[in-house]
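Chemist: As annotated by Swiss-Prot, FMN binding site applies to 10, 17, 18, 19, 137, 138, 139, 140, with the evidence given as sequence analysis.
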């Protein structure tokens, strides 16, 4: 049975979070195709993973037999997160834009799972080629040609780490202009925001079914 690793990082509940809501659409469509499959779920806002410490970092480059008690404890946490990623047939990540970047909790998760010689810089990595769908929501628009394009650090960063470093098969779904309904200065953009959100839900369902069919074959 196929395994989906689902990561949420928004600080808001689904009713107030585009990334969570669209990710739910993806997950629901996936589970309809794989009712007996496994979903590994991590809510990084409710249960943050540890930030990388010196012990966690150095343990990744040392023989486990030589680990200090501090290194062993810190690396055990990394090992758990890496094992979940290696187990996944597909990955789903909710990545809202906060102050032009990803939430710090998501950065902490990435710092834990990127391990040189295992998940990165390893031609035999178990995660290479794993499809990852990122719901990259944002309050405005940072699309090519817009005034804020130079401030788009979410997709650019995640491409570097997920695709270039980890070798995952990356696709973005981008619900944008999510603040239009709450900011009077953006009121004229509400129709565009609604269209963007509707398309994001449609794309999420379609992508989930596409991947589910791939692993059912």
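Placement of Cβ uses the backbone N, Cα and C atoms for every residue, glycine included.
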Chemist: Which residues in the same chain, at least 6 apart in sequence, have a Cβ under 8 Å from the Cβ of residue 139 (FMN binding site)?
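Modeler: The answer is 97, 177, 178, 179, 183.
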Chemist: Which one is it: of the binding-site residues 10, 17, 19, which Cβ has the fewest other Cβ atoms within 10 Å in this structure?
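Modeler: So among 10, 17, 19, the binding-site residues given, the one with the fewest Cβ atoms within 10 Å is 17.
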Chemist: Which ones in the same chain are close to residue 138 (FMN binding site), with CB under 8 Å and 6+ residues apart in sequence?
Modeler: 96, 97, 154, 174, 175, 176, 177, 178
Chemist: Using a 10 Å cut-off, grab the number of neighbouring Cβ atoms around the Cβ of residue 18 (FMN binding site), all chains included.
Modeler: 28
Chemist: Relative to the Cβ position of residue 140 (FMN binding site), how many further Cβ atoms are located within 10 Å?
Modeler: 19
Chemist: Taking the Cβ of residue 137 (FMN binding site) as centre, how many other Cβ atoms lie within 10 Å?
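Modeler: Result for residue 137 (FMN binding site): 27 neighbouring Cβ atoms inside 10 Å.
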